[in-house]
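Listed features, source Swiss-Prot:
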- ARG48, GLY49, ASP107, ASP108, LEU109, VAL110, ASP111, THR112, GLY113, LYS114, THR115: 5-phospho-alpha-D-ribose 1-diphosphate binding site (BINDING)
- ASP108: Mg(2+) binding site (BINDING)
- ASP111, THR112, GLY113, LYS114, THR115, TRP153, ILE154: GMP binding site (BINDING)
- ASP111, ILE154: guanine binding site (BINDING)
- ASP111, ILE154: xanthine binding site (BINDING)
Amino acid sequence: MTQSEPTEQKRAGRPFPVSWDQFHRDCRALSWRLNELGPFHAVIAITRGGLVPAAIVARELGLRVIDTVCIASYEHDKQGELQVLKGVSDQTATLGGGTGKGLLIIDDLVDTGKTGRMVRSMLPDAHFAAVYAKPKGRPLVDTFITEVSQDTWIFFPWDTGLSFQPPLKDGAG
């Protein structure tokens, strides 16, 4: 039996479960900060993780134009090479003058910064916001709400279900 390389989740080590209520509160807190920095012409969600926070932020800021940039970097819980599956539409890019000025990029998490760098290169003047930030990715975002350590794995509510959790004393992480 060959030993496989540990996944990002296993290497991260520190679980950080986030409930729907907590995520919604954090997205509203992000919206409060962003409201002072606008106005913005459109929201661009980095999919898939940025879809839910983008919807909440767009509602809170009264933005009707919502676009996506689709970049794949994780396959389940293992990070791989980045792939642009869909870029920002020409219509949205035009709203930002081609450089992103007045556009708001939203993601759930900035981790290593690889995805952020790629999107930043597409729209260098856009405002980049994330709900959560890790130290390696933090310099790439303009606004975030909560910083977690680099060795933390965030369990987002759309990736989890209700189940029994053993007590910490029994070896639960």
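Cβ atoms are placed via backbone N, Cα and C, with glycine included.
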**OP:** Identify, among the binding-site residues ASP107, ASP108, ASP111, the residue whose Cβ has the fewest other Cβ atoms within 10 Å in this structure.
**Re:** ASP108
Original post:
Could you give the Cα-Cα distance between ASP108 (Mg(2+) binding site) and ILE154 (GMP binding site), in whole Å?
Top reply: 10
Original post:
The record names ASP111, THR112, GLY113, LYS114, THR115, TRP153, ILE154 as the residues that bind GMP; what is their largest Cα to Cα distance in Å?
Top reply: 17
Original post:
C-alpha of ILE154 (GMP binding site) to C-alpha of LEU109 (5-phospho-alpha-D-ribose 1-diphosphate binding site): distance in Å?
Top reply: 9
Original post:
Reduced to three states, what secondary structure does DSSP give TRP153 (GMP binding site)?
Top reply: strand
